[in-house]
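Worksheet: the structure to be examined is printed underneath.
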Amino acid sequence: MQNITQSTNDILNSIPQLKAESTIVIGFLLVIVVDLFLKKSEKLVFAIAILSLLISGTFLVLKMQNMGESQILFNAMFAISKAGNLFKLLVLLASILSLLFFSQDERLKNHPKGINDFYSIFLGGVLGMFLLISSANLLMVFLSIEMISLASYLMVNYNAYQNKQAEAGMKYVLFGAVASAIMLYGISLIYGFTGTINLYGNEMVNGLNQIGAAGTTLAIVLFMVGIGFKLSFVPFHFWTPDAYQEAPTSVTSFLTTAPKIAVFGFLFLILPTFQGLNNSVFNQLILMVAAASMILGNTIAIFQDNPKRMMAYSSIGHTGFILMLFLLPQMMILNALLFYLAIYLLMNVGTLMSFAHLENKFRATLISDYKGLGKFVQSISIALVILMVSLIGLPPTAGFIAKFLVFSSLINLASADIWIAVLLIIAAITTVISLFYYLKIPLYLFIKKSEIEFKEKPTSNFLIVLTGLIALAIIVFGLFPSLISF
Amino acid sequence: MGILTILIFLPLVFGVVILLMPKSLTAYFKYLTVAVSLAQLIIASWLFYQFKTGVNFAGVSNLSQYQWIEKLDWIRLDVGSFGTLQIDYLLGVDGFSIGLVWLSALVMLIAALSSWEIKTNLKGYFALFLLLDTAIIGVFCSLDLFLFYIFYELMLLPLYFLIGMWGGVRREYAAIKFFLYTLFGSIFMLLVIAGLYLSVTDPTTGNHTFNMVYAMNPANYSAGFILSAAANVQILGFSARSISFIVVFIAFAIKVPVFPFHTWLPDAHVEAPTPISIILAGILLKVGGYGIIRIAYGIFPEVAVSLSFWMGLLGVISIIYGAMNALAQRDLKRLIAYSSVSHMGFVLLGIASLTAEGLNGAMMQMISHGFLSVMLFFIVGVIYNRVHDRDIYNFRGLANQMPVFTGFVMIAFFASLGLPGFSAFIAEAFTLIGAFSSQAINGLLPRWMAMVAAFGILLGAGYLLWTLQRMFFGTLRLKKEEWQSQLKDLNFREILTLTPLAVLALVLGIMPSLVFNVMSSSVNQFLMLFK
């Protein structure tokens, strides 16, 4: 009886801590209701969506100011911490930028039922990401990953009427379902071995340490399959190129950023659990997938002619690069990780916005269609050059600072561990390789001469303005990275 | 705001101005660029004139002895357990950099004057040109490794576009090849810079620092970090410092370019428009030499000493290999590109000797080759702009057709092949003396290297004189009839460009002390690092 009172009290005390999440839930419900009862409500729904994101962000910021240690809520289901809130803020930033992008996406707007349903799915996805970052329990992890996945499936398949689009969507769903199943199997193994599904606290680590190498290895590898699917690192990347290529561009921009930030945030928060194991399987796994992702992502990207597909492989490469950080103890990587993710999100969204604009205006869907376009749309072409330079990681852009932070975090370990030295060399070489495909875009825009006449379509300049601002931010943060301080 | 900041960012400001100017003013872009370069040259000359010499202003490993120092806190980024990322906006010049700063300003002016041949998309061209100008001066002035690296990489992108958009037929290939080679070197150098940052602490604040002057002092290394000499950290069985030296050396050797990293150079030169060839040969190659001296040798002196034999060997191979290749070329521009490889080999040989003569010679060679190669590429540009052909065998007897031009060609050729009385003679002679005496002084380079290198001068005379004979002497014979009317003698702008270069070659040949005075105390101070 006492136990029940205690847990009820815990739940009641925990509820007020979830203002940010509740705001999104309210927004989600409002969007559905408004869409049901009001006609021509697109503007209103958009306003509700963006407002709920903004208010939720305000709550997060307020919360952060008087937050000490991390708190465990809801009977160890949920954990909030300052770092977690920072990741949530990044997710919000990605979501807000994507939301602005959705509203410009012609393919989404042309859906016979309008775009309102899409907004509600989107808000559901954002909620899933918030829950994932705060998960303190393996079941919670599974639920929130499923929540993100379901939202992503629907978003990719929204308006997928052509065969290719449907195929990509199917691939994504099937692959995701298998990955989830395997992950669930891993979770059940962990529970079987340790008798607990609490990620925080010592029980799980101690339990796993008693099991022996083979058991832990199996459990962790299976668990990481689910994470790998969401992060799309090699060898769980197969769905990425197809899904990113065929999804509406704005959805691609959302998928390459927000869910990844959430999963990286989650991985960061539970890093002590994995690194506390006697078995070094987690580190070995990270070493291998990081190396494989960087090599595969960056080499295959060279051969792509579809810019979105190229960005898919580029994102696999960047995932590998970020994963290198997870070889270090948790306390050493937070700033570098957040900085990299923040810049990566700006670069990716900006790049895909430019692609979308070129597609809207000139029907240019392939890189080879960009031939000679530079002269006609100078502002967006210059912004694209800046973004590409930043994606390569060259100064004076923020991408360079991000890359440098990762390098400088790892370099001192290079002497202690040969494999880290090898990994750093791979990272350096793949950076050089990435030059080939990132520079292809300026090459086609500016250096190649076009043979055909361009037919311009009147489009809004909204995306140009946004891309320009993002490119400017990339340069400013490159020169004054201290402006982003966490 | 200090004078160096003005010198560096003046072009950038006007680059932005050009971007903002309306299309109707296109015709004035080149005059504006020339005016900016001229202003820059005047400032640089004033700096050169005011530069204080003597033991107390040697610079190198002593920060307080640098001149026109500017220091601002720039980036303070909290990076968790590593403390704060301390990056300073730190500028200053010493005897090694002041000459190159002045040379850069001069070369940029010449390049601006030869930009008359550019006809398309002038706004983009001059904006990129001025951006490149900023990056180049910045490289020579920055004393913070991070700042240096930013300027160093900032040179790549404008050059990529300048070669790629206004270049010749295979411009895409040449541009990407140039970019790839340089980035390949520099990305590994970035790892070394990260390692240096972790190992070096600022003696006054105790923070980790990118200050390259502090990195030259072993006392500033904190024990136990990767690049500290005392810790002697091993990576894959090699000392971390040796690996770092080699990595940094390769990064700059690609720029110089030293055999076997030189293959980008002929392509880039041949495809680039004349002004860009001028910048490439006149300054970019010197960035490599400067980096080897200041960073590779300055920060890793003990490794440099142990590998000096190999450095010297690479220098000698570059001299002979470049000259042999030059002999085999039909394309005049390619010939001059390979002659650059050969001449820059002397720089490496002089540095490797680690003697006062050798280093003075190497610095002199950089400056002398700076304006001589500018002259040579300008000469190629003169012919190419008139008939769009550069094949040596398509011309004969040009001396009758273009007498003034031939006069300048003869000055440039004779100066380049090291005729006494011209600057290259002084430079090459000093380098060879240094290399020759190295065995007796510090036992680093065997005598045969100097002898073989001297043979390179002979080969140089071979390809230059042979070219002179093939193209300019004899009776006039051209590939096409109409060329005769197109091949007019030099116009006023071209004479104006070539005259100061020719005068400089002669003045520095007769009074080399103009340059030696400025750098000798820095060279002596630099050699103290290796004691």
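Positions of Cβ are set from backbone N, Cα and C atoms, glycine also.
If you look up TrEMBL, you'll see A:135-422 marked as domain 'NADH:quinone oxidoreductase/Mrp antiporter transmembrane'. Sequence annotations record features per position, and here TrEMBL assigns transmembrane segment to A:20-38, A:45-65, A:85-102, A:114-133, A:211-233, A:254-275, A:281-303, A:310-331, A:337-358, A:379-406, A:418-439, A:460-484 (among others).
Most Cβ pairs under 8 A with the transmembrane segment (A:337-358) among the ranges A:85-102, A:114-133, A:254-275 are made by A:85-102. Residues 231-234, 237, 240-241, 243-245, 252, 256, 260, 264, 267-268, 271-272, 275, 283, 286-287, 289-298, 300-301, 304, 337, 340-341, 344, 348, 351-352, 355, 367, 391, 403, 406, 409-410, 413, 420, 423-424, 427, 430, 434, 437-438, 440 of the same chain, all 6+ positions outside the transmembrane segment (A:310-331), place their C-beta atoms under 8 angstroms from a C-beta of that stretch.
Using a cut-off of 8 Å between Cβ atoms, the transmembrane segment (A:254-275) and the transmembrane segment (A:20-38) share fewer than three residue pairs, counting only pairs 6 or more apart in sequence. Within the same chain, the transmembrane segment (A:45-65) packs against the transmembrane segment (A:114-133): three or more Cβ pairs sit under 8 Å, each pair at least 6 residues apart. Panel annotation: around the transmembrane segment (A:20-38), residues 44-45, 48-49, 51-53, 55-57, 59-60, 63, 88, 114, 116-117, 119-120, 123-124, 126-127, 130-131 of the same chain, lying at least six beyond its termini, place a Cβ under 8 Å from a Cβ of the stretch.
Among the recorded stretches A:211-233, A:281-303, A:379-406, A:418-439, A:460-484, the one sharing the largest number of Cβ pairs closer than 8 Å with the transmembrane segment (A:85-102) is A:460-484. Away from its own ends, the transmembrane segment (A:281-303) comes close to residues 213, 216-217, 220-221, 224, 228, 233-235, 237, 274-275, 310, 313-321, 323-324, 326-327, 419-420, 422-423, 426-427, 430, 433-434, 436-437 of its chain (Cβ-Cβ under 8 Å, at least six residues beyond either end).
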